[in-house]
Amino acid sequence: MNVQGCDASVLLASTRGSKAEKDAGPNLSLQGFGIIEQAKAALEKTCPGVFSCSDILALAARDAISFIGGPKWKVPLGRRDGSVSLASEAISNLPGDGFTYKQLISNFAKKGLNEADMVVLSGAHTIGLTHCFKVTPRLYPSADPTLNKTFVAAERKLCPNTRSATSKFIPIDGTNGGHTFDVNYFKNILSHQTVFKSDAALISTSSGRRKVLSLAKSQPMFFSAFGAAMEKMGRVGVLTGTKGKIRTKCSVR
């Protein structure tokens, strides 16, 4: 999620006097920036100054998820790009991996997203990677007692308690190596096999547990709800008309 909204602020590079969102702690596991730049460069050759980095990013997210078995959804175009990107805002605005259920609801509400949106969008953790340093606090010196013991043993093999393993990447949902978009994320929560406390928090309340149980039982339901929530999130903080700009390079203001 871009801090300022859907304005591609997360693509901007840090400058000598300003550390950008992409270099903030919560975003250090993000990858694929070069692919977005390649798409932008190709579009600039054929349609210079027409397609924003914001629209490219929104389309790339939809198509990447669809490519690995996930749903498709409508992506309205016409966004323009922002020019503000601050690491400090990423740290203060993005949901933390140790958030409680109440904190997660509050965080998403600031962007106009409700409790149901929060739970279903958390399902994006069925894909992607994180660093071992995000996981080891739940594994060492003693494992979080709420975690499945078999899961703990497997994660300790992936993330030994050594300095050299700190920056190693591991799947957030290891069921299929983090490469398949499915309901296994929700099933993992119910079996207490989650790398983040914020994921485990989704079943810490009766309301959250009901939602997770429902999504875990039906992949079509998850896909439909996820697509609708992504469409809703895609309208957050959009710049149009005379607001914002069309960047020539996505990493440059």
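Count begins at 1; order follows the chain as displayed.
Note: Cβ is positioned from N, Cα and C throughout, glycine not excepted.
Per TrEMBL, Cys250 makes its disulfide bond with Cys53 among Cys53, Cys132, Cys159. For Cys132, the cysteine that TrEMBL lists as its disulphide partner among Cys47, Cys159 is Cys159.
Other Cβ atoms within 10 Å of the Cβ of Val3 (Ca(2+) 1 binding site) number 25 in total over all chains. For Cys159 (disulfide bond), the same-chain residues 6+ apart in sequence whose C-beta sits under 8 angstroms from its C-beta are Cys132, Val135, Thr136, Leu139, Ala165, Lys168, Ile170.
Counting Cβ atoms from all protein chains shown, Asp7 (Ca(2+) 1 binding site) has 28 others lying within 10 Å of its own Cβ.
Straight-line distance linking the Cα atoms of Gly5 (Ca(2+) 1 binding site) and Cys53 (disulfide bond), rounded to a whole number, equals 13 Å. Put simply, of the recorded positions Cys53, Pro95, Asp182, the one whose Cα is nearest the Cα of Val3 (Ca(2+) 1 binding site) is Pro95. Neighbouring residues of the recorded Ca(2+) 2 site, listed in sequence order and excluding Thr126, Asp173, Asp182, comprise Gly123, His125, Ile127, Thr175, Asn176, Gly178, Thr180, Phe181, Val183, Asn184, Tyr185, Asn188 (Cβ within 8 Å of the Cβ centroid).
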